[in-house]
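Colleague: One structure, pasted below without further comment.
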Amino acid sequence: MTRSVNLPDSMSTPARRTLRRVPDLLDAGLVPPEAAPVLEDVARRYATAIPPAFYDLIQAPDDPIGRQVIPDAAELLTAPHERADPIGDDALSPVPGIVHRYADRALLKPLLVCPLYCRFCFRREHVGPDGGVLDDDALARALDWLRAHPAIREVILTGGDPLMLSPRRLGAIVRALGDMAHVTTIRVHSRVPVADPGRITGELADALETDRAMWLVVHANHAREFTPAARAALRRIQARAIPVLGQSVLLRGVNDSTAALEGLFRAMVEARIKPYYLHQLDPAPGTAHFHVPIAEGRRLLAGLRGRVTGLAWPTYTLDIPGGHGKVPLGPDYLEPAADGLAVRDPAGGLHKLDAESAPNLALGAREG
Ligand SMILES: *Cc1c(COP(=O)(O)O)cnc(C)c1O
Ligand code: SF4
């Protein structure tokens, strides 16, 4: 792979192991030597991991791949509105490993380890290589809690990253959930297929097989993440009749242009992945440099309308800080007008939906 000229020669040597320490980053040419002391401060606070699959994609440290995984001094700045638990998960945890906010579904977090550590992670105060795995007793208690709550139809395996579990342990969890009569749907949220595709072996994919509805949601933020190896890993999962959805975070310097979003969502559709959510960034500590304002996000998404296949449109979503749940952020296309509503077409033209020209549509305006 050719790399941009502003990197030292050392970067042309691919690293075959995951980079975790500041000296590893220096050796790899990802950070300049003078940044080392401040990055050690960052490293004391937040975990770092750059697996070879991501390292190989970095053409410059501040490119859309590098920005996601290379620690930055800006992470030491915690803005006044940022919080350690941005979406209020802690208050919603009845037993370790469970988060329960919605009546019909719950999160199960069997471990807090990830294949890489996103610099914008909403759980960055919790995840890490030492963040641990629920031990057998804690996992048994979490499963007992799910067993005792028959209103839970869907269990969302998240973390950390559940596909960092061994096939044996993952299979045991999937079987335990499959044995609960009320659990009809199991969802796995993972970054492993793009971050460390070699981990998605046939054996790991087999561990996901169940007679329940199993869905996988892959987290990816840039088209370049969908390498041939990543696509092959996703095919191993899809081959088990598991539908794959995509979730992404809107990030400054990563995907904050209509072209980048178009590339990302097209790459998903072409890998048979339905873009599900584009998340507004959660206000986790030291992530303000990734923030894209909502008004800008709505404009970017509106720019996709009419230009890309409808299969490629995710829901732009805000997880309301404080644990109040997720809501769609638009863009929306209806506007109040003098005697009813007006609707904006993808090219920007405004069309009145008044009682005379569109009685069926305008009626809704009076009711609502
Ligand atoms: C995001 C989230 C879910 C899943 O929400 P969906 O809108 O169904 O994807 C479930 N529980 C919690 C606590 C969450 O934060
Ligand atoms: S993969 Fe998910 S949980 Fe892990 S660091 Fe990235 S955003 Fe956080």
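Placed from the backbone N, Cα and C atoms, the Cβ positions cover glycine too.
Under the heading domain 'Radical SAM core', TrEMBL lists 100-312. The [4Fe-4S] cluster binding site annotation in TrEMBL covers C114, C118, C121. Per TrEMBL, the feature N6-(pyridoxal phosphate)lysine maps to K326.
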Colleague: With every protein chain in view, what's the tally of Cβ atoms within 10 Å of the Cβ of C114 ([4Fe-4S] cluster binding site), excluding that atom itself?
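Modeller: Here the count is 27.
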Colleague: Could you check the binding-site residues C118, C121 and say which one's CB has the fewest neighbouring CB atoms inside 10 Å?
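Modeller: Checked C118, C121; of these binding-site residues, fewest Cβ neighbours within 10 Å: C121.
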Colleague: In whole Å, how far is the residue listed as 'N6-(pyridoxal phosphate)lysine' from C118 ([4Fe-4S] cluster binding site) when you measure between their Cα atoms?
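Modeller: With the alpha carbons as reference points, the distance is 21 Å.
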Colleague: Quick one: pull the CA-CA distance for the residue listed as 'N6-(pyridoxal phosphate)lysine' versus C114 ([4Fe-4S] cluster binding site), whole Å only.
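Modeller: So the alpha carbons of the residue listed as 'N6-(pyridoxal phosphate)lysine' and C114 ([4Fe-4S] cluster binding site) sit roughly 23 Å from each other.
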Colleague: List the other residues in this chain whose Cβ sits within 8 Å of the Cβ centroid of the [4Fe-4S] cluster site residues C114, C118, C121, in sequence order.
Modeller: L116, Y117, R119, F120, R123, R124, V127, R191
Colleague: Within the domain 'Radical SAM core' (100-312) only, compute the mean pLDDT.
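Modeller: Mean model confidence (pLDDT) across the domain 'Radical SAM core' (100-312) is 97.
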Colleague: With the Cβ under 6 Å from ligand 1 as the test, give me the qualifying entries from the recorded positions C114, C118, C121, K326.
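Modeller: Within range of ligand 1: K326.
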